[in-house]
Amino acid sequence: MNPTVIAVALALASAVAYATAAVAQERLAAVGHPGRMPRLLLRGAWWGAVGLNSGGALLHVAALRYGPLTLVQPLGALTLVAAVPLGARLAGRRVVRDEWRGVVLALLGLGALLPVTAGETPSRTLSLPEAVALAAVVLAFLGLCVRPGRTGRGTPGRGLRYATGSGVASGVASALTQTLTVALAGSRAPEAALVSWRTVVVAVLVAVFAVSGLLLAQSAYGSGLGAPLATLTLANPVAAAAIGIVLLDERFRGGPAGWALAAAGAAAAARGVVLLSRAPGAGVAARGDAMVEAAVGVSEAPAAVSEIPGAAREPAMAVRETPAAARETPVPARDTAVAVRETPVAARDTAVAARDTPVAVRDTAVVIRGPRVRDAAVHETAVRQVPVRDDLAPGEAAREPAAVPWEPVPTPP
């Protein structure tokens with residue numbers, strides 16, 4: 001079979017694997033708890049995404065075995081083309097016009113950057129001091145990318161910062177991997193070179209930056225899919241090319257025309273990223289619904305009801321996990337007494353005492369729709385008994401309880 005056909009097939013398979021992994025990571029970020037990476041590491045779906053990323057990397061390396069870098073690298077940009085419609089499909093929505101325009105501009109920008117940044121295999125490799133100095137500079141840059149800012153979780157600015165850090169970390173890992181493989185292949189004693197200090201330190205740095213890039217990408221997808229994926233796809237080859245030009249004596253191809261082409265490509269890619277960041281996020285709806293479902297759970301265990309006249313006689317529905325608090329405001333109900341943050345709510349015909357558990361009675365459910373739900377600690381609350389009088393007018397019934405003194409309601413054991 002023609003080697004070019006094999007290279008194209010492997011590059012396309014690599015792009016599909018990368019796209020599927022990116023969509024899986026974005027969905028995990030949408031339904032998970034931001035900032036709780038240890039919990040995410042226990043999920044099999046996340047490790048499946050890691051496996052897809054690893055498979056995509058192996059397929060990409062295999063494609064480079066049969067085809068030149070100028071052919072394989074642009075095909076890798078098809079990851080963005082596959083990931084955006086796939087993510088929209090799984091989110092149950094259609095790809096909007098701005099998303100397609102952003103994808104096209106990002107691809108055009110990447111296509112303009114790659115010819116002038118992709119060069120031949122470098123004649124020299126990084127020395128151990130150069131590798132350590134490079135790692136220190138890049139780690140400081142990553143610290144700036146992940147520093148706490150004014151933007152909250154899930155905002156486009158935060159996602160782009162994390163995506164930039166992920167792309168730079170992956171580009172550094174690629175450059176260090178190239179240094180490692182070239183040094184081992186060119187050594188006259190591969191066994192001795194394999195256990196040298198330089199090889200061990202560079203291998204550890206490769207692992208550190210590869211894992212950092214993966215974790216930063218996972219955090220970046222919390223703000224959506226298209227813009228972070230486009231950003232890290234662009235930052236990766238640019239970072240690798242910068243390392244080659246600054247440290248490995250590589251040259252920028254094309255001269256002044258190459259610089260102009262690279263500038264135009266960078267502008268087009270930046271515009272594409274902006275359009276993708278404005279597009280509707282694929283994980284916003286899923287993130288809000290999932291957090292509400294995780295925070296508000298209903299069990300069929302009956303609640304403790306006080307022995308007072310007019311008390312509810314039907315089984316009550318009790319929240320079993322995290323009680324929901326609606327901005328510290330009591331929730332009024334006709335037939336239900338609900339206690340929120342130690343604030344008693346009196347009902348006309350029903351008084352319910354709850355111990356450490358918010359209670360909903362008579363088919364009444366409290367539904368909160370929003371991306372965030374705050375926890376509320378509900379303590380033992382005394383509910384006053386309001387006598388019902390039939391001889392009062394409707395307008396006077398609401399003012400009558402003010403004259404009734406408070407009486408604590410004993411809670412049954």
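Each residue, glycine too, has its Cβ placed from N, Cα and C.
Keep in mind the model is a prediction, meaning the values are calculated, not measured.
The signal peptide annotation in TrEMBL covers 1-21. Counting residues 6+ beyond its ends, the signal peptide (1-21) has Cβ neighbours under 8 Å at 49-50, 52-53, 55-57, 59-60, 62-67, 71-72, 75-83, 86 in the same chain.
Here the transmembrane segment (45-64) has Cβ contacts under 8 Å with residues 6-8, 10-11, 13-15, 17-18, 20-21, 24-25, 27-28, 72, 75-76, 214, 218 of the same chain, all six or more residues outside its ends. The feature transmembrane segment is assigned by TrEMBL to 45-64 (among others).
The feature transmembrane segment is assigned by TrEMBL to 71-88 (among others). Within the same chain, residues 4, 7-8, 11-12, 14-16, 18-20, 22-23, 26-27, 60, 63-64, 94-95, 99, 103, 106-107, 110-111, 114, 118, 225-226, 229-230, 233, 237, 276, 282 sit at least 6 positions outside the transmembrane segment (71-88) and bring their C-beta atoms closer than 8 Å to a C-beta of that stretch.
Feature annotation from TrEMBL assigns transmembrane segment to 100-119 (among others). Only residues 6 or more beyond the boundaries of the transmembrane segment (100-119), in the same chain, are considered here, and those with a CB under 8 A from a CB of the stretch are 69-70, 73-74, 77, 80-81, 84, 226-227, 230, 233-234, 237-238, 240-241, 244, 250-254, 258-259, 261-262, 264-276, 279.
Look at TrEMBL and you will find 131-150 (among others) tagged as transmembrane segment.
The annotation transmembrane segment is assigned in TrEMBL to 162-185 (among others).
Sequence-distant neighbours of the transmembrane segment (197-217) (same chain, 6+ residues past either end, Cβ-Cβ under 8 Å): 22, 25, 37, 50, 53, 126-128, 131-132, 135, 138, 142, 145-146, 162-163, 165-167, 169-170, 172-173, 176-177, 179-180, 183-184, 228, 232. As annotated by TrEMBL, transmembrane segment applies to 197-217 (among others).
Taken from TrEMBL, the feature transmembrane segment covers 229-248 (among others).
The region 'Disordered' feature in TrEMBL is assigned to 388-413.
Long-range Cβ contacts of the transmembrane segment (131-150) within its own chain (Cβ-Cβ under 8 Å, at least 6 residues beyond either end) map to 157-158, 161-162, 164-165, 168-169, 172, 176, 179, 198, 201-202, 205, 208-209, 212, 216, 219, 243, 247. When Cβ-Cβ distances below 8 Å are used as the criterion, the transmembrane segment (229-248) is approached by residues 22, 73, 77, 79-80, 83-84, 102-103, 106, 109-110, 113-114, 117-119, 122, 124-126, 130, 134, 160, 163-164, 166-168, 170-172, 174-175, 213, 217, 220-221, 269, 272-273, 276 of the same chain, each at least six residues removed from its ends. Same-chain residues lying 6+ beyond the ends of the transmembrane segment (162-185) with a Cβ under 8 Å from its Cβ atoms: 121-122, 125-126, 131, 134-135, 138, 141-142, 145-146, 193-194, 198-199, 202-203, 205-206, 209-210, 212-214, 216-217, 219-220, 227-229, 231-240, 243-244.
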